[in-house]
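Here's the structure we're looking at; comments come further down.
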Amino acid sequence: MSQELTINADQLTEEQIAEFKEAFSLFDKDGDGTITTKELGTVMRSLGQNPTEAELQDMINEVDADGNGTIDFPEFLTMMARKMKDTDSEEEIREAFRVFDKDGNGFISAAELRHVMTNLGEKLTDEEVDEMIREADIDGDGQVNYEEFVTMMTSK
């Protein structure tokens with residue numbers, strides 16, 4: 001597992017690492033190379049992340065191996081790399097939803113689905129379109145909302 005985490009941190013650009021180091025240093029008050037768990041949320045928010053308290057606690061528990069309440073820079077990098085990866089996929093799904101939701105009302109209708117699929121070169125019958133909607137339509141209202149779309153996209 002630790003090998004996989006290292007790979008994630010290795011995928012950061014030098015610019016990203018420098019940016020994270022700068023933010024890390026701002027909150028490493030005594031300059032000893034560690035930040036306290038309380039400061040973690042502030043650091044992440046300064047980098048455009050918006051973790052919940054539960055997410056922060058989970059990340060701290062995963063990273064703070066010795067349980068002393070502080071995080072060193074390599075641990076911090078690992079955590080940020082993982083967090084960035086999660087954010088990207090979430091943003092990609094949101095972007096895909098916007099593509100399908102032509103009128104921006106928060107729902108994908110059969111007509112919108114047919115339109116996008118046709119633009120992608122997929123000629124579907126009405127039955128095929130209805131079947132796709134039915135598969136994703138958890139609450140049975142005949143259209144697909146964002147939550148249903150996320151479920152569909154992440155269940156594969």
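Cβ atoms are placed via backbone N, Cα and C, with glycine included.
Its own atom aside, the Cβ of THR34 (Ca(2+) 1 binding site) has 19 Cβ atoms within 10 angstroms in the protein chains shown. The annotation Ca(2+) 1 binding site is assigned in Swiss-Prot to ASP28, ASP30, ASP32, THR34, GLU39.
Look at ASP64 (Ca(2+) 2 binding site): DSSP puts it in coil. Feature annotation from Swiss-Prot assigns Ca(2+) 2 binding site to ASP64, ASP66, ASN68, THR70, GLU75; the stated evidence is sequence analysis.
The Ca(2+) 3 binding site feature in Swiss-Prot is assigned to ASP101, ASP103, ASN105, GLU112. Annotation for ASN105 (Ca(2+) 3 binding site): no same-chain Cβ neighbours under 8 Å separated by at least 6 residues are found.
Annotation comment: Swiss-Prot describes ASP137, ASP139, ASP141, GLN143, GLU148 as Ca(2+) 4 binding site. Non-local neighbourhood of GLN143 (Ca(2+) 4 binding site): PHE107, ILE108, SER109, ALA110, ILE133, ASP137, each in the same chain, at least six residues away, with C-beta under 8 Å from its C-beta.
Residues 56, 59-60, 64, 69-73, 76-77, 80, 83, 87 of the same chain sit 6 or more residues outside the domain 'EF-hand 1' (15-50) yet have a Cβ under 8 Å from a Cβ within it. Taken from Swiss-Prot, the feature domain 'EF-hand 1' covers 15-50, and the record attributes it to sequence analysis.
For the domain 'EF-hand 4' (124-156), the mean pLDDT of the prediction comes to 90. Annotated domain 'EF-hand 4' per Swiss-Prot: 124-156, in sequence order, evidence recorded as sequence analysis.
Feature annotation from Swiss-Prot assigns N-acetylserine to SER2; the stated evidence is similarity to another entry.
A 10 Å cutoff on Cβ-Cβ distances gives LYS123 (N6,N6,N6-trimethyllysine) a total of 9 other Cβ atoms nearby, all chains included. Marked as N6,N6,N6-trimethyllysine by Swiss-Prot on the basis of similarity to another entry: LYS123.
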Listed in sequence order, residues with CB under 8 A of ASP139 (Ca(2+) 4 binding site) and six or more positions away: ASN145, GLU148
Candidate nearest GLU112 (Ca(2+) 3 binding site) in space, where candidates are the binding-site residues ASP28, ASP64, THR70, GLU75 and distance is Cα-Cα: GLU75
Densest Cβ neighbourhood among ASP32, ASP66 (binding-site residues), 10 Å radius: ASP32
